[in-house]
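**Student:** The structure under discussion is supplied below as structure tokens; questions concerning it will follow.
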Amino acid sequence: MQKLQISVYIYLFMLIVAGPVDLNEKSEQKENVEKEGLCNACLWRENTTSSRLEAIKIQILSKLRLETAPNISKDAIRQLLPKAPPLLELIDQFDVQGDASSDGSLEDDDYHARTETVITMPTESDLLTQVEGKPKCCFFKFSSKIQYNKLVKAQLWIYLRPVKTPTTVFAQILRLIKPMKDGTRYTGIRSLKLDMNPGTGIWQSIDVKTVLQNWLKQPESNLGIEIKALDENGRDLAVTFPEPGEDGLTPFLEVKVTDTPKRSRRDFGLDCDEHSTESRCCRYPLTVDFEAFGWDWIIAPKRYKANYCSGECEFVFLQKYPHTHLVHQANPRGSAGPCCTPTKMSPINMLYFNGEGQIIYGKIPAMVVDRCGCS
């Protein structure tokens, strides 16, 4: 009993020496720690945003198989960009497309862009073939995007200059061939009879899928084509070599190739905004502005929402694979902690100039973060 009393006295003496406990001070310390944690989280997200933007620039160039961004000036773009229906329709698609709502479906995308449409502008022929002493129009080079995909559609687009009176126009598309014994240097592809009314000029499309298929099978037979569109007075209305004021009216090929559908699976995660205090793994908004990059070679979109993942991962929170938690429980020292990463990515459609001056409309996979999780 005496020993117990001595112990109590010693305990009371220690409390007196230690002094009173200030509960408000502890509360302030806790609040300061929480504020410091929030500031660190904001700084972390800011650094993550910057890193994500740089990674996106590298990804886009890599997925488009470009070593560097094409060096195309705004003036050159104005001259090269066709003012034609198919291209205007593609650009209009970007104007009306909103951010698609995520339904939890996760595509198994390939790494590189899967091309849907290629708009090919004419180039100078390496063979320097001439017809009647004049440079021919037009010669088209085809990239691997066309050569190694299944061809769905190939349209040649030509622009006919306006007429002052109602006129019947006879259009001919000729394929250049090696000179024959009788001197023949071309064979017909298509002939058209068009009725034009006074006013503005018109775009006319011609199906050249069969010709393109033959060229792809036998590249040496591709010597180019000749375009003629004569009115009743013998005046050629086809714009083959644009004159001043005819920028964007050069003939071009619109080629469509197949795109293989992919499987999908389900996934879910948290969504946050830039003001969120959520510490767990979460998806945050991030807008990529190509004009801010100085990337004028991207025609559309000029910007898009890419998003990024940030936050802490506990072993019981949003793990991508169910066995991750079990592995850690079995061997906590031998397994690294889970990381906050994208678990669902979706593609973006892009209209752009490649390094050869061709206009490409393609789908670039895994460019938008739709879901985040721990794995």
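Using N, Cα and C of the backbone, Cβ positions are placed for all residues, glycine too.
Quick paste of what Swiss-Prot says about this protein:
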type     : residues      : note
SIGNAL   : 1-18          : signal peptide
CARBOHYD : ASN47         : N-linked glycosylation site
CARBOHYD : ASN71         : N-linked glycosylation site
DISULFID : CYS272-CYS282 : disulfide bond
DISULFID : CYS281-CYS340 : disulfide bond
DISULFID : CYS309-CYS372 : disulfide bond
DISULFID : CYS313-CYS374 : disulfide bond
**Student:** Around the Cβ of CYS281 (disulfide bond), how many other Cβ atoms lie within 10 Å? Please give the count over every shown protein chain.
**Tutor:** 26
**Student:** If one measures from the C-alpha of ASN71 (N-linked glycosylation site) to the C-alpha of CYS313 (disulfide bond), what distance in angstrom results, rounded to a whole number?
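**Tutor:** Cα of ASN71 (N-linked glycosylation site) to Cα of CYS313 (disulfide bond) measures 42 Å after rounding.
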**Student:** Please work out the number of neighbouring Cβ atoms within 10 Å of the Cβ of CYS340 (disulfide bond), leaving out its own Cβ.
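**Tutor:** Step by step: centre on the Cβ of CYS340 (disulfide bond), count other Cβ atoms within 10 Å, giving 24.
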**Student:** List nothing but the one residue from CYS272, CYS282, CYS309, CYS372, CYS374 whose Cβ has the fewest other Cβ atoms within 10 Å; the candidates are the disulfide-bonded residues.
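**Tutor:** Looking at the disulfide-bonded residues CYS272, CYS282, CYS309, CYS372, CYS374, the Cβ with the fewest others within 10 Å is that of CYS272.
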**Student:** Among the recorded positions listed here, ASN47, ASN71, CYS313, which has the most company in the form of other Cβ atoms within 10 Å of its Cβ?
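**Tutor:** Within the set of recorded positions, the most crowded position is CYS313.
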**Student:** Given the recorded positions ASN47, CYS313, CYS340, which lie close to CYS372 (disulfide bond), meaning Cα to Cα within 10 A?
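**Tutor:** The recorded positions passing the 10 Å Cα test are CYS340.
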**Student:** Just to verify a number: CA distance, CYS340 (disulfide bond) to ASN47 (N-linked glycosylation site), in angstrom, no decimals.
**Tutor:** 15
**Student:** Between CYS374 (disulfide bond) and CYS281 (disulfide bond), how many Å separate their Cα atoms?
**Tutor:** 7
**Student:** By CA-CA distance, flag whichever of ASN47, CYS272, CYS281, CYS282 among the recorded positions is nearest to CYS313 (disulfide bond).
**Tutor:** CYS281
**Student:** C-alpha of ASN47 (N-linked glycosylation site) to C-alpha of CYS309 (disulfide bond): distance in Å?
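**Tutor:** Distance between the two Cα atoms comes out at 12 Å.
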